[in-house]
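A.B. asks: What follows is a single structure, and I will ask about it in a moment.
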Amino acid sequence: MCGIFAYMNYRVPKTRKEIFETLIRGLQRLEYRGYDSAGVAIDGNNHEVKERHIHLVKKRGKVKALDEELYKQDSMDLKVEFETHFGIAHTRWATHGVPNAVNSHPQRSDKDNEFVVIHNGIITNYKDLRKFLESKGYEFESETDTETIAKLIKYVFDNRETEDITFSTLVERVIQQLEGAFALVFKSIHYPGEAVATRRGSPLLIGVRSKYKLSTEQIPVLYPTCNIENVKNICKTRMKRLDSSTCLHAVGDKAVEFFFASDASAIIEHTNRVIFLEDDDIAAVADGKLSIHRVKRSATDDPSRAIQTLQMELQQIMKGNFSAFMQKEIFEQPESVFNTMRGRVNFETNTVLLGGLKDHLKEIRRCRRLIVIGCGTSYHAAVATRQVLEELTELPVMVELASDFLDRNTPVFRDDVCFFISQSGETADTLLALRYCKDRGALTVGITNTVGSSISRETDCGVHINAGPEIGVASTKAYTSQFISLVMFGLMMSEDRISLQNRRQEIIRGLRSLPELIKEVLSLDEKIHDLALELYTQRSLLVMGRGYNYATCLEGALKIKEITYMHSEGILAGELKHGPLALVDKQMPVIMVIMKDPCFAKCQNALQQVTARQGRPIILCSKDDTESSKFAYKTIELPHTVDCLQGILSVIPLQLLSFHLAVLRGYDVDFPRNLAKSVTVE
């Protein structure tokens, strides 16, 4: 939920101003992950051992407020140059403690800032740790769980058994006492020019840049000599010493830069060479050399971490000519849905091949049940495709909200196939559901938009939706690409079903025409803006439909409430008489999605009920639908496609409507209050 960014320059001279600029740009790339408050920690002016100082600057509000605050710091000389320096930065989405400067990160160990730490995640046992530390005389100043980590590493350091204990050993001892999810980056006055980072359940990657040859492409993983059982004994173990053969560095001890971040969008402008850390990895940089340690060894551990090349371009994470990332991403959907299908759907032979699933296809076809699990928009993509998946696979399909799935301890069997949908691949509840299903022997399939994410690594197989980076907090293009990915799975599963060939060909023809039809829908933007002008002063809104378009209503209502803060509700039209009809009157805006599909006649019944109660329905309908338009207050006519894909076309007007409503109401579309893009805590 929070954004972590850190930058180390080793033998690369940088002024403090240049370091600030790098840190701030990194935070701005991560601001969609949280924007309650932000902070940085950099070296002070003194380099003498007894006078070393870490300067903290923290500010409530967005990164821009922090940027302005940095240049008000009279005590810092922006022109001073550092040949080697390590700076850390953080943008926060509050989970413990209100958004203010004291609760912002970096959190510190004491008033002298001996150790500072930035954190993404939640420490579930922080109260016990805090109680222990308070009993040892450590004083706390914030309400955060993160401050416990800073105080704990200070405790380990204060009680060290030897003066030459390494920074990574301290961190190793600390994380064995932590329960919950975390990505952490540490800085200390006792280890100048050194960095230590670690993760468990929250994402963290390291970018490396050097104009010189690197020592290796595979960094070996190192292990400690023993494990620590409890917090009272954490000062009694040793880490073995390192040598250059176990580290990544520029050959000849030359200049090198390291970038630590929660995701790749903050790194790509600097380098496309990255290392994805695994859970419980501890990455340490000292003297320009990166080493990776692990707390425990298991038989399934990969013995090394490879440097990978990001397939991303900087322009993909820039707004271009659009006023907001969300608007840009809505208008990117003709390209994003094409990219999702590219190389997978052969329109000449009517075949579909998902390379990430091909090795497990026989096992998937033998399954007895499909379980599709997600949260928010990803859950809606599952709802949208449930009917066509049942039709094409001829299997029962359960669609589950990850949190509810876990709360119920849902029975899962070895002959189930479980899908986990997440744009970021890091959604905490979905990740926990994945581990729950793996423990019960089910085959697990990930559907994500992020290479190297936790879900993509931990599932048995998966589909990368190839939608491109999505920065706007309100998901748009990821939804339509997830939708198509699930449809493609159904098509692949039904390839040898003779009775379904005509239906398959109809759907594949629909997929082929989809990018052009989306462009046609996007051309209605001005008309939708005019509709928003009529609606933006309203306090509540109903969106109703049924069949294939029920998910459209859920997703449209979610988009409206996410970024406009209007109350909106997605209603199954078949449930209208069972309560929601009581809300309908001439003041209540009602949007109805009525398409020429098998539910058309039933939707007409719902329309009659709404108009009979003096409702003024705004209808999304097919171009040739004269019947619905007779009863409509307003209509938005959409091109027609095959019924199971119509939801892709009908959701786009609701995405546009939510965008225009938010702008007219004066809200920041890309940064809705209380929300973050990547939900990495429960």
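Even glycines carry a Cβ here, placed using N, Cα and C.
The annotation domain 'Glutamine amidotransferase type-2' is assigned in Swiss-Prot to 2-288. Residues annotated as active site, for GATase activity in Swiss-Prot: Cys2. Residues or ranges marked as phosphoserine by Swiss-Prot on the basis of a large-scale study or a structure entry: Ser244. The domain 'SIS 1' annotation in Swiss-Prot covers 360-499. Marked as substrate binding site by Swiss-Prot on the basis of similarity to another entry: Thr377, Ser378, Ser422, Gln423, Ser424, Thr427, His578. Annotated domain 'SIS 2' per Swiss-Prot: 531-672, in sequence order.
Quick one: where do these features end up spatially?
C.D. replies: For Cys2 (active site, for GATase activity), the number of other Cβ atoms no farther than 10 Å from its own Cβ, over all displayed protein chains, is 29.
There are 29 other CB atoms within 10 A of the CB of Thr427 (substrate binding site), with all protein chains counted. When secondary structure is read from DSSP and collapsed to three states, Thr427 (substrate binding site) falls in the coil class.
Within the domain 'SIS 2' (531-672), the DSSP-based counts of helix, strand and coil residues read 72 helix, 30 strand, 40 coil.
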A.B. asks: What is the biggest Cα to Cα gap, in Å, among Thr377, Ser378, Ser422, Gln423, Ser424, Thr427, His578, the residues listed as binding substrate?
C.D. replies: 37
A.B. asks: Pop the Cα-Cα gap between Thr427 (substrate binding site) and Cys2 (active site, for GATase activity) into the table, whole Å please.
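C.D. replies: Their Cα atoms are separated by 13 Å.
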A.B. asks: Taking the Cβ of each of the binding-site residues and counting other Cβ atoms inside 10 Å, which one has the highest number: Ser378, Ser422?
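C.D. replies: Its Cβ has the most other Cβ atoms within 10 Å: Ser422.
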A.B. asks: Per DSSP, to which secondary structure element type does Thr377 (substrate binding site) belong, with helix, strand and coil as the options?
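C.D. replies: Note: Thr377 (substrate binding site) is helical by DSSP.
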A.B. asks: Relative to the Cβ position of Ser424 (substrate binding site), how many further Cβ atoms are located within 10 Å?
C.D. replies: 24
A.B. asks: Across the domain 'Glutamine amidotransferase type-2' (2-288), what does the mean pLDDT come to, as a whole number?
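C.D. replies: On average, pLDDT over the domain 'Glutamine amidotransferase type-2' (2-288) sits at 88.
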A.B. asks: Highest CB neighbour count within 10 A among the binding-site residues Thr377, Gln423?
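C.D. replies: When each Cβ's neighbours within 10 Å are tallied, Gln423 tops the list.
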A.B. asks: Including all protein chains shown, what's the count of other C-beta atoms within 10 A of the C-beta of His578 (substrate binding site)?
C.D. replies: 9
